[in-house]
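In what follows, a single structure is set out as structure tokens and then discussed.
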Amino acid sequence: MSQKYYDKLSKGNGISNKQFTSGIGLSLLQKMGWTEGRGLGKDEVGIVECIQIKKKHDNLGIGAKDIKSDVSDWSEWWKETYNSVAQKLSHLSSHESISGSESNSDTGEGYRTTKSPRYTKISHYQILQSQMKKKENKKRREKKEDRPKEDIDFKKVSKKKRVQRRNLRILN
């Protein structure tokens, strides 16, 4: 259908008494054995008239008819759900800290405890993994501090010499 036809329909009530015919559509239907006045389908009991375009004045969606009560129920459901979740989160944050941690003083291992469903097995694994990395980094720092200063200077000098040798090789 042309844009002019759509514009004409949108100005009125959206129903046209004039049938729209399409040369392409008509030829396709005639190739399949259809003739004017007969219905569509195997038993020819389908629609005979052309499909009418109905203008929608609301934003409810295709096929929706005066379901304002259902729409309001739906929005009420969302409001209730949001409010209940917000209340649970505020209750959780006031009684229990999500990022709070407890530690076992005997072993020195820290672990998080929470009843929040936000922590899954994966996030628990990530927390434990980050704690292990922190412990390893702490051990490395302690080893560095225990090492004599001369060893560190020797490594710096040897590294400088290696860089100089590499640069000489590149130039030659």
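From the backbone N, Cα and C atoms, a Cβ is placed for every residue, glycine too.
As recorded in TrEMBL:
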COMPBIAS  143-156  compositional bias 'Basic and acidic residues'
COMPBIAS  157-172  compositional bias 'Basic residues'
DOMAIN    21-67  domain 'G-patch'
REGION    92-172  region 'Disordered'
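For the compositional bias 'Basic residues' (157-172), the number of residues in each DSSP class (helix H, G, I; strand E, B; coil) is 15 helix, 0 strand, 1 coil. Mean pLDDT of the predicted structure over the domain 'G-patch' (21-67): 78.
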